[in-house]
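J.: Here it is: the structure, laid out below.
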Amino acid sequence: MTQMTDAKSGITTEEMKFVAKEEGMDVETLKNLIAKGYVVIPKNVNRNTKPVGIGDNLRTKVNVNLGTSPDFIDIACELKKVEISNKYGADAIMDLSTGGNLPEIRKEIIKNTNLPIGTVPIYEVGVDAKEKYGRVIDMDEDLIFNVIERQAKEGVDFMTLHCGITKQTVSALNNDPRKMGVVSRGGAFLTAYIMYHDKENPLYKEFDYLLELLKEHDVTLSLGDGMRPGCLQDNTDRAQIQELITLGELVDKCREKGVQVMVEGPGHVPYNNIEANMKIQKTLCKNAPFYVLGPIVTDLAPGYDHITAAIGGTLAAVSGANFLCYVTPAEHVRLMKEDDVKEGLIASKIAAQAADVAKGHPVAWKLEKEMADARIKHDWERQFEIALDSNKPRKMREEIPSKDEKACSVCGDYCALLMVEELGKR
């Protein structure tokens with residue numbers, strides 16, 4: 001049984017009750033959205049995961065990527081990133097490790113959080129294939145599905161799998177060349193496999209078998225966008241849309257089998273094209289939850305891509321995206337450090353909150369009202385408690401204090417609020 005099959009059967013699970021309470025939503029309404037495939041609750045049956053709802057009519061959720069690379073392997077560092085994710089309100093974590101003992105790293109990450117955990121299994125497949133055969137492109141079907149099954153048994157809650165990379169998608173790419181080609185790592189692995197062996201993508205060819213594996217453990221399938229644009233010039237091209245058409249067809253198959261599914265999206269997109277991208281996805285994929293990376297709205301800000309992504313993420317979420325993958329200041333430059341994780345997470349949560357306010361979500365507006373109440377009362381401690389990051393504003397206030405404990409050092413004696421209050425007392 002999965003959350004989706006239960007919902008279709010009219011069964012109300014404990015996870016549904018929890019999510020409905022968190023969202024301020026009637027559980028029957030939520031159950032109907034899950035049954036239709038408009039909402040997912042990524043929760044592997046083998047793991048005690050905190051239930052998190054992702055999809056239409058819910059708050060916008062934020063994911064944190066972390067993990068090792070061949071150039072930097074430090075489990076302790078990754079666990080600090082997990083700790084930061086827990087502390088600053090991430091809704092999910094993805095382990096994208098490609099260096100070191102991948103199963104051991106994943107085990108430690110899972111042990112140190114109750115947030116939903118996602119992976120990209122093709123990364124481990126590529127690492128294993130290189131160790132076993134000497135080249136990533138020599139991976140085979142058995143290796144691919146063995147890794148997926150092993151991760152499902154370990155408790156991974158959702159998996160990014162690039163099932164839409166097909167011979168037809170690769171043909172669209174070749175017929176309409178890009179500035180930057182394929183920038184998705186998993187997408188590149190499978191594109192290279194197809195081109196070198198002239199074989200179909202096993203994840204597409206054996207999609208029904210894949211669904212059997214995922215359904216057994218109620219792993220949510222996150223259909224990866226292997227043809228996402230890697231620069232603004234490549235946005236919304238034929239390869240991207242061809243893959244999206246295929247993903248829409250695969251969404252139908254998932255729903256028929258009762259497998260929870262969401263769809264991933266771009267990427268690098270000019271601000272004026274973001275809304276159109278969201279509408280196209282929601283139409284082609286029939287309102288499946290949409291999970292976007294950014295989108296980044298300019299390529300000129302390495303070192304500041306948490307900002308470019310937050311700008312794009314706000315509009316994306318207002319226009320239909322349900323799940324934002326954070327982007328850190330280190331994007332396009334190096335592996336993220338702990339401080340990068342915090343900066344990226346807070347920036348993405350700002351985008352999510354701004355979008356939820358624009359969409360009129362009651363939970364988002366409740367928080368805004370509480371902040372306004374705290375400010376009018378000059379209740380600084382309450383303001384810090386409500387803030388997305390309590391530590392930074394508290395520290396900043398201590399650095400340059402005001403003589404008046406109700407005011408801040410910007411205005412001091414000339415505080416507008418205090419001045420009007422004083423007049424009101426007369």
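Every residue gets a Cβ built from N, Cα and C, even glycine.
From Swiss-Prot, here are the annotated features:
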{"type": "BINDING", "residues": "ASN65, MET94, TYR123, HIS162, SER184, ARG185, GLY186, ASP225, GLY226, MET227, ARG228, GLU264, TYR291", "note": "substrate binding site"}
{"type": "BINDING", "residues": "HIS268, HIS332", "note": "Zn(2+) binding site"}
{"type": "BINDING", "residues": "CYS408, CYS411, CYS415", "note": "[4Fe-4S] cluster binding site"}
J.: List the Cα distance (Å, whole number) between GLY186 (substrate binding site) and CYS408 ([4Fe-4S] cluster binding site).
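T.: The separation of the Cα atoms works out to 50 Å.
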J.: Quick one: pull the CA-CA distance for SER184 (substrate binding site) versus CYS408 ([4Fe-4S] cluster binding site), whole Å only.
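T.: About 47 Å separates the two Cα atoms.
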J.: Considering Cα atoms only, can you say which of HIS268, HIS332, CYS408, CYS411, CYS415 is the nearest neighbour of ARG228 (substrate binding site) among these binding-site residues?
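T.: With Cα distances computed to ARG228 (substrate binding site), the winner among HIS268, HIS332, CYS408, CYS411, CYS415 is HIS268.
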J.: Within 10 Å of each Cβ, count the other Cβ atoms, then let me know which of the binding-site residues TYR123, TYR291 comes out lowest.
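T.: Comparing Cβ neighbour counts within 10 Å for the binding-site residues TYR123, TYR291 gives TYR123.
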J.: Can you tell me how far the Cα of TYR123 (substrate binding site) sits from the Cα of CYS415 ([4Fe-4S] cluster binding site), in Å?
T.: 55
J.: Among GLY186, GLY226, the binding-site residues in question, whose Cβ has the most other Cβ atoms within 10 Å in this structure?
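T.: That would be GLY226, with the most Cβ atoms nearby.
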J.: Taking only the binding-site residues ASN65, CYS411, CYS415, which one has a CA atom nearest to the CA atom of HIS268 (Zn(2+) binding site)?
T.: ASN65
J.: Taking the recorded [4Fe-4S] cluster site as CYS408, CYS411, CYS415, identify the other residues of that chain whose CB atom sits within 8 Å of the mean position of the site's CB atoms, giving them in sequence order.
T.: SER402, ASP404, ALA407, SER409, VAL410, GLY412, TYR414, ALA416, LEU417, LEU418
J.: So if I measure Cβ to Cβ from CYS408 ([4Fe-4S] cluster binding site) and keep only same-chain residues at least 6 apart in sequence, which ones fall under 8 Å?
T.: ARG397, SER402, CYS415
J.: What three-state secondary structure does DSSP assign to GLY186 (substrate binding site)?
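T.: In the DSSP reduction, GLY186 (substrate binding site) maps to helix.
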J.: Distance check, please: Cα of TYR291 (substrate binding site) against Cα of HIS332 (Zn(2+) binding site), rounded to an integer number of angstrom.
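T.: One finds 20 Å between the Cα atoms of these residues.
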